[in-house]
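Beneath this line is the structure, given in structure tokens, with notes to follow.
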There are 2 protein chains.
Amino acid sequence: MNATGVIVEYNPFHNGHLYHINLTKQKTGADVVIAVMSGHFLQRGEPALVDKWQRATMALQAGVDLVIELPYCFATGHAKDFAFGGVSLLESLGCQTMSFGSEAGSIEGFKSSYSLLNAHNDEVQLNIHEQIKSGISYPQALNNSYKVLSAKYNLDLIDLSQPNNILGYHYVEQIMTHHFAMQPLTIQRITAGYHDDVSKNESIASATGIRKELLQQKQLSAIEQFIPPTSLESLITNDSYSSWETFYPQLRFTILRSSPAELRQYVDLTEGIEFLIYKAAQQCNTFPLFMQKIKSKRYTWTRIQRMLCHIFVGYTKEQRENFTSPRYIRILGMTSIGQQYISIHKKDFKLPIVSRVASFKDSMLEVDIRATDLYMLASGHHIIGKDYKTPPIRLLNK
Amino acid sequence: MNATGVIVEYNPFHNGHLYHINLTKQKTGADVVIAVMSGHFLQRGEPALVDKWQRATMALQAGVDLVIELPYCFATGHAKDFAFGGVSLLESLGCQTMSFGSEAGSIEGFKSSYSLLNAHNDEVQLNIHEQIKSGISYPQALNNSYKVLSAKYNLDLIDLSQPNNILGYHYVEQIMTHHFAMQPLTIQRITAGYHDDVSKNESIASATGIRKELLQQKQLSAIEQFIPPTSLESLITNDSYSSWETFYPQLRFTILRSSPAELRQYVDLTEGIEFLIYKAAQQCNTFPLFMQKIKSKRYTWTRIQRMLCHIFVGYTKEQRENFTSPRYIRILGMTSIGQQYISIHKKDFKLPIVSRVASFKDSMLEVDIRATDLYMLASGHHIIGKDYKTPPIRLLNK
């Protein structure tokens, strides 16, 4: 069977995602679409609006055949680590193609950009390093270096200041660096910019815009035009949505229960930012005020939020050292076609399949399980060990 | 000026406490009564119903002249450590007498009991050790040894199975062991047993009974007959009371965010109980169910609750190693007489006076400050650093 992969968060699943899945199927003629999806904490360093099983269900209802969890350590990593975790898993699953949305819309631009940057890697790294020292963020520094380079060689390349292009670049980079057999494919995003606010005359909006509407308006009608009917029906059952605003009491308690020295043990906390985080937690009663206190040119919103995830989940630098690549294929959900794909191809998979977490003892998986428990507690659910209790979702009429 | 000390929790201040203060004044003719009072976590391993400044205010209104905080590390310690912290502070403050309530009511019995147990210390310690190995709790083992001893020597001594006698015994033991100049005095408790339920025909009930009524009935009218009018008036301003039931969400989150190995670093967690605590937090949605799961013959309710305080506050074995005796006299509140006593006698005090915590950097004091912050957060107040912001309460018309 011919498989195509996507790397997603589906927070929540919306019409833009549906468009991407449908066009991917059309362009690749894939028999099966596999989504590697983040669990309860996302690449922008935020808790997901709704839990991972609900997000997997929305994906299956909309045409994805198999949903695999991207482990916490990759899902909340920098773009490069996120991309590596995602493409490694898709490669392990035997996908011939991986498809991503981008502003650029042509895969050739990505490949040329990678070749150029790779050929001048030492020069670029040195330049990025210099910029970071002067207080510029990594994505910004990469883009600056890249602009200089493309002007110098007079090449017409992708715009690396666009967020989906950046992520796509990292997918291509990881595929090419690791010489994966899987081919990258990109589909041009339509209408909505990544961070744009929603527009009432459109059926497509960015996930960021949709989340903002939902969290502000607190009712589904605010977003129903942007999501498929199946997703709408699924979300109707929710009486609340999770966010840092709702998780702030637990986050604040956790920060203030620690000393700055204890905070320093968590992933990404460097350069004394632990003192800034501790002080902001002392002074600020709400999450927006807290973030305002910490944010600066040096520390982007996303970078700070990722640190907060690691504090919240208790994910330490010591743990991360052992997490170099994915170790398991954790199934969150599947359709009949997805199930069929697994039974035919699993002997060729490069990693073990995990349907029941109780049968697979692994420190990387334990972080995912703990992340679920803490997410559930902070969301006001008294369900502990949901990873143990929830078998993969099966949508068997599809 | 002639000073008498008491060691208290006032959780909340009730008519039995008032009786004790009045009789103490009468018997000693003291010019000033000094109370060393626990902060936000108590000897039975519980959060206080209301904050320490409110409890100090109730004490001052009822006739105490000076309220000093018993540091967290002593306030939540075993009876012996609790007693040592309390009597050391009273001795440092130059008290001539310390007065405690007891079931026995005569100080001679306490002194004889101490002399007997001290004279046979090796034998008693060995015997206690053997009993603990067979699963008997420390207080029970002490009482058993003591009974054998008093029968053997045919002496009529105090009953060491009574909770106030036990605590009193430890006060006397500490005073005598350390050769303090201060003299112990005991006043017989009237009517209410330590753990008794309240009785509607009485004006005196145990603090345990009063707390139980208040937390169950959730209205002050349930306890007004047992507390002085000034305390009643103070408590009217509270819209809620703190307890492990109300703190359980934060406690549970903290336990489940840790691994059993991390829990083991906290004070009193030994013998693998960390696994039991972790598992109970996974399984139980309410505090009573959680406690039921952990409690056994070996682990008394109080002993478990103390561990929970230490987990909650993040108080580690490493910290405790450095906390051998009180290092400061932290003033929570005073009347004019209390203030006068300090200004006359402070040059003779054996420890530094702390009125403003910002002016005294000390790791023992930092634990008290953190305990306040976490208590406030879990109580639903967004006040951080209240120890820095709150000067000693002054009741200057008294």
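Yeah, the Cβs are placed from backbone N, Cα and C, and that goes for glycine too.
According to TrEMBL, the feature ATP binding site maps to B:7-20, B:GLY101, B:ASN164, B:189-190.
Sequence features annotated in TrEMBL and their locations in the structure.
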residue: B:ILE7; record: ATP binding site; Cβ contacts under 8 Å, 6 or more apart: B:ALA35, B:VAL36, B:MET37, B:LEU70, B:PHE82, B:ALA83, B:GLY86, B:VAL87, B:LEU90, B:MET98, B:PHE100, B:TYR171
residue: B:TYR10; record: ATP binding site; Cβ contacts under 8 Å, 6 or more apart: B:HIS17, B:ALA35, B:MET37, B:ARG55, B:MET58, B:ALA59
residue: B:PHE13; record: ATP binding site; Cβ contacts under 8 Å, 6 or more apart: B:ARG55, B:MET58, B:ALA59, B:ALA62, B:ILE227, B:PRO228, B:SER231
residue: B:TYR19; record: ATP binding site; Cβ contacts under 8 Å, 6 or more apart: B:ILE190, B:ILE204
For the binding-site residues listed here, B:GLY16, B:ASN164, which shows the highest count of neighbouring CB atoms within 10 A? B:GLY16
Quick one: what's DSSP say for B:ILE7 (ATP binding site), helix, strand or coil? strand
